[in-house]
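The transmembrane segment feature in TrEMBL is assigned to B:12-32, B:53-74, B:80-106. The annotation domain 'Mechanosensitive ion channel transmembrane helices 2/3' is assigned in TrEMBL to B:53-93. As annotated by TrEMBL, domain 'Mechanosensitive ion channel MscS' applies to B:94-161. Here TrEMBL flags B:169-249 as domain 'Mechanosensitive ion channel MscS C-terminal'.
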Amino acid sequence: MNLWDKYNLKNNKYYFFKIGYLNLWIHKKDEEWFIGYKYDTEHHYNFLKDVKKPENIEWNQYLVSNTESNIEIKPSLPDKPLLINSKYDLYILPKSENIYFTDIPAFITINLVSTNESIELLSIPTKILSKTWVGNPSSENGVVSYSLTSKLYKTYEESRNNPVSIVVPLKIQNNSLTPFNFTALNIENRFLSIFQKENTFLTETISFNIKKNNQVNIRLNKDIYKDKNATLIKAPIDKMERNLLEKSFKILKNIK
Amino acid sequence: MEKLLANQYFLIGFKSLIVIIAGSILVKIISLMAGKILKKKLSSQTHILIKKFIFYIGWVIIIMTVLNIVGVKISVVLGAAGIMGIAFGFAAQTSVANIISGLFLISEKSFSIGDVIQIGDTVGVVDSVDLLSIKLKKFNNQYVRIPNENFIKSEVINITKYPIRRLDLNLGVAYKEDPEKVRDILFEIAKNNEYVLDNPEPNFIFTDFGKSSLKIFFGVWFQKQDYIATKNSIMFQIKRRLNEENIEIPFPHITVYRGEESKPFQFQKVNKN
């Protein structure tokens, strides 16, 4: 099943998508669209046409001015920053440089597609993500992030644990004199783009340069824009502010 | 028209009217401009107070100017005001105390408009901070006016100062239950609750061996805007899960006897043979 596609939905029929833990129903009635969803404990992928009207579900209703019947499902990044806790303590030895890959759960974005434009109707996660506070509880300086535990992989193929994930490449360069303990990373999703390369979605590379004085310099590597095999799926929401990235990393260092 | 303009009283009245209209417009413009400029730099209550200060000072100047036009000697007015001020000072002690308290409150920045605060038994959202009083909107849609002086004298809790809060739950389980199992269940409930934050971690304290139950404190962290959703969801989940696990939550039983018809329980000694 290729989830990321355009779907032509018939009037007055109910369509069902099972995407991981997410159960998603879409219904079209003339100039109205109805989208309902809920989560359960079963994890698989499926798409069913002309299903029964689901019960005990809250619908989101959308009024449109035309009778277009195409919708498109695209991946998007989580709507909050994401704190990735490394499953194992990772030590980056002095004078070493490595590229690692980690995956983050994609959100499902449902767009209404007409000949001229694409309108976003809804963006939701495929499972309920737990939230965490990154910062001091008795301070207004902090941020609520989604939280998950993940491994860091050497190749991006092995980092793809499910079809609705986005791979984040991390380039870590330790120029300090001591091993650097890499335990967690708070990803500011709004600065990242999504690219599609073959069947994989990935973001720009986040580069960490640990300097001699243990200061960490963070930047986004835009090399992927030059890759002819990669297509831009979604541009970043905000222009990256370098000091913000470093600030979020500093907060992390302080709470560890 | 010429006759009318020649009339001295008409001219005074006309001049006064012009001063009042032009002055009020000018005061309004200055107050609005100051508000706009200061809104970005100062807290909402400070900029509202400065706007009000400009408004009142402006009107004092307008009134003085009109009195001057009418022919009232300002020095006499000020002299009279001095005498009246002493009398007024005695009468307005409370108001002055409230104004000074208001200035202290603003400089302290303990809370601002939109915060949820508790003073005494009153809990509400700060609606406005004025020269004499602070207005709160209670959650049952009642509007409360509290003099500023009370805020200086009393303990004020700012419930929503920080972006996250802890929900404190005190519960008791029967003595036959395993408190470690209860702890594990509570942590699992917190982990699966969509409003509860992973970090800071929930707090579990086995607080006391109570009269009829083992006392437990359980605190979970959440975003301040999710208070009702967090409290309801976690209370439902704890009750449901403890029922599923057959963990007893004891509660005191009271038997009430009424009138002479109802007698206390009869006890009878039974021989064992």
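Note that Cβ sites are derived from N, Cα and C of the backbone, with glycine treated the same way.
Note that the structure is predicted; figures quoted are calculated from it, not measured.
Sorting each residue of the domain 'Mechanosensitive ion channel MscS C-terminal' (B:169-249) by its DSSP state yields 35 helix, 24 strand, 22 coil. Here the domain 'Mechanosensitive ion channel transmembrane helices 2/3' (B:53-93) is broken down by DSSP into helix, strand and coil counts: 37 helix, 0 strand, 4 coil. When averaged over the domain 'Mechanosensitive ion channel MscS C-terminal' (B:169-249), pLDDT in the model lands at 94.
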